[in-house]
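Annotation comment: TrEMBL describes 1-47 as region 'Disordered'. Annotation comment: TrEMBL describes 8-42 as compositional bias 'Polar residues'. Residues or ranges marked as transmembrane segment in TrEMBL: 72-100, 106-125, 141-161, 167-184, 258-277, 308-326, 377-396, 402-420, 432-450. TrEMBL lists 391 with the feature active site.
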């Protein structure tokens, strides 16, 4: 960050030079020659000694123009590390047990490896479509089967395998959800290329926007294993024939991002062990007794650490991890987020905190619905419905219970967006967005943890007491 440099102390200056004091006056050095008019000089010095105030704003006022808060940021990091140092050292094995029940059984990684079948199915379907071996109708049907199976197969596997842990299920389903969105985009872009080729026009989607050292790729020359796997691993959900590419891999930048990834994931583990787990464990009794006052107290107690962990996770994933992958693959478009923290409306937040998902929804869902004659409100509601489905899909299936808390939480954003956009503006709207983030997530977390605890532990209590 850059900011104005201020002097907060008034003291002697080095010999032979002048320094500007905090009140804007200048102090003569001890080594300067005596002026030719001593009386005039003495009067000026006396006047300067009397004046110690100037017209200026406090540093934390917006009118001051001060923007160098790096020290405060470093303080926050030091405090977080100090607070979670004990938690980091508690039980790292517990983290591994979240993903693996049996060290000889790795269901989640195996499920991710199987996803290559769906990638190959999409590639070879596109190759047949490019040469006209199959019709567009047949290709659409094959894609429908491929994408539907892509969502159903991993969820059925997670639900049936007893060796699959909730954390492992979230990881595997997250990979399949990302792959679903990528292959849907892959299907659409290649279909647009065929439509433009049939009209004998140059494909605008194939326009080169990469580095000059990379050869321009046009349809169907993009239908290669190298191309589709580059897209699968690239930090984007929207397919292009020619991605913008950076000229080289910056090793220092790559190492900084790697260090951040390792540091912040360790910090997240410590904070979860130190704050989240004890708070959730202490929250089960009030929920069982339906003690609403204590339930509210536990929810508010969970809100602050949960929100801090969410912010750290955002930086770890959207800045450190995605920039690391982008630098490694020389992927040029690094706009993974915008200034969502300045959101004055709920819709602005959802449009700017996760740019890859926002671009996918806008390109492959929102605009096609609008082109079919739907109004803006219907299109936005449809986008929230899809988002709510995937949120519930990523939570309920790994936990093997269906409570729709995540779905209802996402759908509640629609009336909240209307209320904030209509009645609140400026700082009030921004405060409303922050409150919804700080309070909303702990409510959903406690709901799912409570239901999971009741299903898996309360029902076993009589049996365990007999053992």
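Along the chain as shown, the residues are counted starting at 1.
The backbone N, Cα and C atoms fix where each Cβ goes, glycine too.
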Feature contact check the transmembrane segment (167-184) with the transmembrane segment (106-125), CB under 8 Å, 3 or more pairs: yes
For the transmembrane segment (167-184), distant same-chain residues with Cβ under 8 A (at least six beyond the ends): 98-100, 107-108, 111-112, 115, 118-119, 122, 143, 146-147, 150-151, 154-155, 157-158, 231-232, 237, 239, 357, 360, 364, 390, 393-395, 397-399
Residues from the same chain, set at least six apart from the ends of the transmembrane segment (432-450), whose C-beta lies under 8 A from its own: 280, 283-284, 287, 295, 298-300, 302-304, 306-307, 310, 343-346, 349, 395, 399, 403, 405-406, 409, 412-413, 416, 420, 424
